[in-house]
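Enquirer: Swiss-Prot feature annotations, pasted as is:
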TRANSMEM  90-110  transmembrane segment
TRANSMEM  128-148  transmembrane segment
TRANSMEM  162-182  transmembrane segment
TRANSMEM  189-209  transmembrane segment
TRANSMEM  217-237  transmembrane segment
TRANSMEM  245-265  transmembrane segment
TRANSMEM  284-304  transmembrane segment
TRANSMEM  311-331  transmembrane segment
TRANSMEM  355-375  transmembrane segment
TRANSMEM  390-410  transmembrane segment
TRANSMEM  448-468  transmembrane segment
TRANSMEM  545-565  transmembrane segment
Amino acid sequence: MNPSTSPNRNLASPKSLQLYTTGSEVAWYPTALDEANEIKSINSKAFSFKNQDQIYGAGSLKSRFSTHEISSEKNDSPDFTLVLPSNRLYIVIPGLMLSIFLAALDQTVITTAIPTIVANLDGGSSYSWIGTAYSLAETSILPFCGIMSEVVGRKIVLYTSIVLFLFGSAMCGAAQNMLWLVLCRAVQGIGGGGIMSLVTIVIADITPLQTRPYYTGCMGVTWGVASVMGPLIGGAISQNTTWRWIFFINLPTGGLSLALLIFFLNLVPKPTVSFCVFLRDFDFVGIVTITTGVVLFLLGLNIGSTTGHWAHANVLCYLIFGILCIAGFVVNELYTTRTRIIAPSAFQTLSLSSVMVTSFLHYYIMSTVTYYIPIYFQSIKGDGPLMSGVHTLSLAVVSSVVSAISGMGIGKLKNYRYPMIGGWIVLLAGTGSMIAIYYDTPIPRTMGFLALTAVGIGNLFQPNLIAIQASVPPALMATSCSAFMLLRNMGASVGISIGAVIYDQQLTTLLKGTEYSTGLSYSQIASIPSVSERNFVFNVYANAIRTIWIVNCPVAGVGMLLSFFTKQEKLSQSVTEYKEKDKGFKDAP
């Protein structure tokens, strides 16, 4: 296609154009669009989008983040030719995986070291905020990362996230009191959230759809290995040296990752946006409402699940105002004339909406299993923190291996729909089998049930992400990935909190009228003189956790049904290479 003959060629300057290709030609075309107008096809083999009555000024944010039509017809998907920068993937991918490893490691590494940290810093009851601060900051920053990576550039956001993570790690290691540590864990979480979001986006920028599942599979393995090693590394460090090295150990590894990416990561440059245009077009109301809503909602969930006082005024206020802010964000995104944080068109088809919801449900189930199975082993089977980690290895190892195999299978078969459906079927079977875990169930059998569940969990990591990336045009890739990751993290937080409600409610109900409390440890239960009463209490605690698995079954059933609505898109792209080298911070957004 000749740029001079393209529609609207006189309506926008080069700064408001987006790089696309058709066949072997590369050209800049206007991207300013209006949802109210009918679809205008520029080239049926290249791409289609909606026209706009008013074209905004040069470099307009609105022209950068146009709302592309996402077809609901099977064969009408736009065939975008991907412009790939020249990269040494054998260097860049390990650099990205190192950063992912650190962000994932710090979610679990402190679990076995918390008693040591609390004793050293005299933390008392505030210990729970060591983990909460990280997860809260990580989740709340996700909506911001996608849009800012479009405005200021992928590299700036990615490198800033890594630097923030390393700075937070150094300050956590130097913490002299619990408040210091919690605040710096929040800084770590902001960096970790940026890393998770930007690595996902950058991989989509530098790899074509047909090979991308292999690299997202690497992400799954890296995440799984870090999750497995986290408690073991944390326990080993806290027992053999100072707990501060749990955080200091991030510095050399993170520094290596940052150096590799600065010197070797190349991205295709895009038009810049002036600061005045940014202030004019950026959706400040949207970013404030979604960030405030997520923070308040997660605070309510965390405080409620930690204290068990769900009817307390503070908890209810956090939850209610959080939900209202999120609802306000949705309304704002539907009607705002500014650049949207999350484009509604990312949810406009049943297929995309199904993938987003199943991602939430997937992480809901995964979080309940990974959080409450260690409690089962420690409270019912008498495991210490280290041994409970060993007994949950089947969950982590199997899910990581299956995630890698799933990614390779999707890449080879060019199909993500069947692995997604199969994953939900296996996950439903796994959650159903876990209902058979009682207080006297042999540990090998329990590990077998966990392994079956892990097959379903691991098999769903790659199909969901690939389905999103295959279904949206390049202009919506960053914000769609951020929305996807936000829903995943929200699912995990909701899962842990709902699990806490079920667990506490069941213990309170089943122990009502007895002399036993709801906070007994294994040693306290084991010291009950009467064998019948001892077995009764063990059975009550086991049934409280078992109720969580019972609730997981209909959740998995809903996920399985929704997976059938996912549409299979083509996992192939025409690729042309962008020749110019692009180092360091050179690329524009």
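Along the chain as shown, residues are numbered 1 onward.
In case you wondered, yes, glycine gets a Cβ from its N, Cα and C as well.
Could you place these features in context, so I can see how deep they sit and what lies close by?
Expert: Residues of the same chain lying 6 or more positions beyond the ends of the transmembrane segment (90-110) and with a Cβ under 8 Å from any Cβ of it are 117, 130-131, 134-135, 138, 158, 162, 165, 169, 188, 191-192, 195-196, 199, 202-203, 206, 215, 218-219, 222-223, 225-227, 229-231, 233-234, 246, 250, 253-254, 256-258, 260-261, 264-265.
Long-range contacts of the transmembrane segment (128-148) within its own chain (CB-CB distance under 8 A, at least 6 residues past either end) are made by residues 65, 103, 106-107, 110-111, 114, 117, 157, 161, 178, 181-183, 185-190, 192-194, 196-198, 201, 282-283, 287, 290-291, 294-295, 298-299, 302, 306, 339, 341-342, 478-483, 485-486, 489-490, 492-493.
With a threshold of 8 Å between CB atoms, the same-chain residues lying at least 6 positions outside the transmembrane segment (245-265) that come near it are 87-88, 91-92, 94-96, 98-99, 101-102, 105-106, 109-110, 113, 155, 158-159, 162-163, 165-166, 169-170, 172-173, 202, 206, 233-234, 237-238, 583-584.
Same-chain residues lying 6+ beyond the ends of the transmembrane segment (284-304) with a Cβ under 8 Å from its Cβ atoms: 128, 132, 135-136, 139-141, 143-144, 147, 310, 312, 314-319, 321-329, 332-333, 336, 338, 340-342, 486, 490, 493-494, 496-497, 500-501.
For the transmembrane segment (355-375), the residues of the chain that approach it from at least six positions outside its boundaries are 227, 346-347, 383, 385, 388-389, 392, 395-396, 420, 424, 427, 431, 434, 450, 453, 457, 460, 464, 467-468, 471, 483-484, 487-496, 498-499, 503, 545, 548, 552, 555-556, 558-559, 562-563, 566, judged by C-beta separation under 8 angstroms.
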Enquirer: Is it the case that the transmembrane segment (390-410) and the transmembrane segment (217-237) touch, counting contact as three or more CB pairs under 8 Å in which the residues of each pair are 6 or more positions apart?
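Expert: Counting Cβ pairs under 8 Å (6 or more apart in sequence), the transmembrane segment (390-410) reaches the transmembrane segment (217-237), since there are 3 or more.
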